[in-house]
Amino acid sequence: MSALVRAELLKMRTVALPGWLLLTTLAFVLLSVLLTILTAGMPNAPLQRDDPQMLARAVASASAGNTLVLVLGILTLTQEFRFGTATPSFLVSPRRSHVLSAKLVAVSLAGLVFALLSVVFALAVSAVTIAARGDTLTFDRTVVEVLLGVGLCLLLYGPIGVGVGALIRNQIAAVVAALVWTFVVEQLLVGLLPEVGRWTPGGAASAVLQLGDLATTRGTLLPVWAGALLLVAYALVLSGVGARLTLQRDLT
Amino acid sequence: MSTTLVFDHLTKRFGETTAVEDLSATVRPGRVTGFLGPNGAGKTTSLRMLLGLVRPTSGTASFDGRPYAELTDPVRQVGTLLEATGFHPGRRARDHLAVLAVAARLPRRRPEEVLELVGLTDAARRKVGDFSLGMRQRLGLAAALLGDPPVLVLDEPANGLDPQGIRWLRTFLRGLAAEGRTVLVSSHVLPEVEQTADDVLVLARGRLVRTGTLAELGAGAATGTTVRSPDAARLVELLTRAGLPGSWTSADEVRVDAPPERVGELAAQHGVVLHRLTPTAGGLEDVFFQLTGEART
Ligand SMILES: Nc1ncnc2c1ncn2[C@@H]1O[C@H](COP(=O)(O)OP(=O)(O)O)[C@@H](O)[C@H]1O
Ligand SMILES: [Mg+2]
């Protein structure tokens, strides 16, 4: 089992795409940190320049990689079918569910790496920018909680992608479906039907991220622990269904 | 370390198409077995069923009695090469093998060793996307050899190889069989395996139409005759009546699936003049085409 996980990690490290996804993640983090800090104090901005939560709000941007980790999870599976590497993978391990489990673990670990780098990067950029502007820089428990939330979120989002990929083997279809879901369906649900929206993966992720007592939507979201459990459940149910339905198909 | 492969009443249907029908055969160790048949005959489907990648509609396939999925350490027991497509184009050749070696808990130096065996050492750090078809076949073969397995299952390994490559492959496969391994090689081109295979399984439209040694297959080949006569039409009539239908190859020449002695005797009995009577040469390929129902070229 651990051999299969190591093989999955090696698969990710020996192609260019995960590296690009990581760079894109860091670019998103940078943009979103700068946007939060530099707009503070402007009319209509949610944040004032002397807000003690400035740092916490800024580093919350480190969760920007959510979607990219989701895509990473999808690709670890769909690429195998796109390039036909599923054949050697399943020849090495004829129990296909073992390959799937190894992918779930490997993608979680990759998510942790994304989270760690995002957090360090967000902290550094935030601290430097806030200090340069002479704004309030408070490093307190809230910041730590936000960062933990980010880590948990990225850890749990990749496996959901693996589940999506197991269910929809076509790469483009799977990625498009995930993006439309994340950026359109979930946004609408969370906005229009918060009672339903909080049960979506995005809603669950927001629940996990509210760790820092930052969420303005608090009350409509699930508690942190429930959000985390819900994310795990999504990953397991999607992969389980994918493993039963799609993954067992003939490989011709 | 010898392993016997058994196909036992294997059948696979894809919707309306019957790709493989009731295939039963035994593949023995220490020999190269050619798995022959034209494109679409069902070779790939049969091999993929043998390897647990395609689920049979009915029947089983096994290695010393165990299905592939139940082998404890499949990479060390069975080496496989299936089509030249199973590579990520952006991954280096050595990394492709390293991934498999890690997953199968093989020693870290194995990828380098097998790359050397197939003559790809210099290309180890190149991306597979830049490889020619022949290089991909060699890389596929390297992957098959990773676990130093007693069984090799190779689907059209000669595809994309140049003549030197095919000769190299021939020597290589003979060497593997001489070490006592079981080697099953598919091909849709008979000459590719003609000098390599000991045994043959001939598949046509999903059905096994011939099994045996290559020599036995060849023995059936000497029966053809080409006969030239100024009265060829009458000769054809006589032959047909004798249950030996012939086919015209030119205005005065006929090809018959019977030995020259038989044709000559028949002509003499009826006083038909013959200008030429030749046993047909190059028989193996003819037998192959006859068996598989393909037109002669
Ligand atoms: N996934 C599939 N779906 C439908 N038909 C298939 C599939 N795979 C193979 N076939 C059909 O099965 C038959 C045998 O194909 P194949 O095993 O690839 O033959 P070969 O390898 O001898 O060329 C062909 O008619 C082919 O079209
Ligand atoms: Mg084929």
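From the backbone N, Cα and C atoms, a Cβ is placed for every residue, glycine too.
Here's what TrEMBL has on this protein:
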type	residues	note
TRANSMEM	A:20-42	transmembrane segment
TRANSMEM	A:54-75	transmembrane segment
TRANSMEM	A:104-130	transmembrane segment
TRANSMEM	A:142-160	transmembrane segment
TRANSMEM	A:172-193	transmembrane segment
TRANSMEM	A:224-247	transmembrane segment
| said: Below 8 Å between Cβ atoms, which of the listed ranges A:20-42, A:54-75, A:104-130, A:172-193, A:224-247 makes the most pairs with the transmembrane segment (A:142-160)? | reply: A:54-75
| What residues in the same chain, six or more past the boundaries of the transmembrane segment (A:20-42), come closer than 8 Å to it by Cβ-Cβ distance? | 48-49, 51, 54, 57-62, 64-65, 68-69, 71-72, 113-114, 117-118, 121-122, 125-126, 129-130, 133, 135
| Looking only at residues six or more beyond either end of the transmembrane segment (A:172-193), which have a C-beta under 8 A from one in the stretch? | 67, 70-71, 74-75, 78, 161, 164-165, 200-203, 206, 217
| task | Go through the chain and flag residues at least 6 beyond the ends of the transmembrane segment (A:54-75) whose CB is under 8 A from any CB in it; none is fine as an answer. | result | 12, 17-18, 21-22, 24-25, 28-29, 31-33, 35-37, 40, 47, 103, 107, 110-111, 114-115, 118-119, 121-123, 126-127, 129-130, 135-140, 142-143, 146-147, 149-150, 153-154, 157-165, 171, 174-175, 178-179, 182-183, 205, 209, 212, 214
